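In what follows, a structure is listed as structure tokens, so that the remarks can point back to it.
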Amino acid sequence: MPFVVVSGLSGSGKSTALRTLEDAGFFITDNLPPELWGAMHDLATARGLERVAVSTDARTRFFLGALEDSYLRLSRRREDLRVLFLEATSEVLLRRYNLTRREHPLGETLLVDFARERELLAPLRALADIVIDTTDLTAAELSQKVLQMLRLEQDFHLRLLSFGFKHAPPRDADLVIDVRSLPNPYYVPELRPRTGLEPAVAGYVFRDEASEQFYREVRDFVRLAAGRARAAGRHGYTVAIGCTGGQHRSVAVAERLAADLTDLGAQVTDHRDMQVGEGG
């Protein structure tokens, strides 16, 4: 797994790149002088950390004299060393700074700072394996590009959980779906004590074409919503399916969705209220 040095101009998206790598399982160290890259490698190796990313930029300007030597020493030990450099036009950097009202680390007028920073970081840019111009990129597009350029797999997980509305919806769901319009096995005496995990209960829930059509529309909407979340750079999406008590209908729907949406990494994480025993 790569050891990644993230650098670039202030306002070019380094924080977004670091968050992306952290979400991809990297151990992140921000604002690390080049002289400490080797020590970070040793520490990570001792702790069994396979994915490591550090950032070095204008904030460490007093230590950049050791840049080339530090790079050469680490590259001999890490064949997978990668340097990622981000940049953008001065006009875009200025606009981003005006939006955030942050002070540039070099502390002069912004346009002068940008010019000085480009000169200061030129040796780092020259070492870069990957240079990304973020001028026209959104944060989500930058995240995707970072993963693509580093050839990292972006794992996405669609989490499905069932619940009963009488016990309140979960607070951490991205999407809540109400399936109380489906046929209710609670009113069938022989099905009442059973759960939506059982074929007989699921067969009753999806017993007619209207129920099948309802399910297909739910499935397609969940696919659309989760797909949009993944395209936006998210690594997970949680869908909560609710019926009255959380024992029958919501369980059956969650299980069927998990089987139908495996391409989105779908899995049932919890049947929260299935054992409460109030049915519905």
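Residue numbers in this text run from 1 along the chain shown.
Yeah, the Cβs are placed from backbone N, Cα and C, and that goes for glycine too.
Quick look at what Swiss-Prot lists:
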type: BINDING; residues: G8, L9, S10, G11, S12, G13, K14, S15; note: ATP binding site
type: BINDING; residues: D57, A58, R59, T60; note: GTP binding site
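Distribution of Swiss-Prot features across the structure.
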{"residue": "G8", "record": "ATP binding site", "CB count, 10 Å": "26"}
{"residue": "L9", "record": "ATP binding site", "CB count, 10 Å": "26"}
{"residue": "S10", "record": "ATP binding site", "CB count, 10 Å": "22"}
{"residue": "G11", "record": "ATP binding site", "CB count, 10 Å": "26"}
{"residue": "G13", "record": "ATP binding site", "CB count, 10 Å": "26"}
{"residue": "K14", "record": "ATP binding site", "CB count, 10 Å": "22"}
{"residue": "S15", "record": "ATP binding site", "CB count, 10 Å": "13"}
{"residue": "D57", "record": "GTP binding site", "CB count, 10 Å": "24"}
{"residue": "A58", "record": "GTP binding site", "CB count, 10 Å": "20"}
{"residue": "R59", "record": "GTP binding site", "CB count, 10 Å": "15"}
Extra residues within 8 Å (Cβ to Cβ centroid of G8, L9, S10, G11, S12, G13, K14, S15), ATP: D57, L86, E87, A88, L93, T134
Helix, strand or coil for G8 (ATP binding site)? Use DSSP. strand
Tell me the Cα distance separating D57 (GTP binding site) from L9 (ATP binding site), rounded to the nearest angstrom. 7
At the Cα level, what's the spacing in Å between R59 (GTP binding site) and K14 (ATP binding site), rounded? 13
Whole-number Å distance between the CA of G8 (ATP binding site) and the CA of A58 (GTP binding site)? 8
What three-state secondary structure does DSSP assign to K14 (ATP binding site)? helix
S12 (ATP binding site): tally of other CB atoms within 10 A of its CB: 26
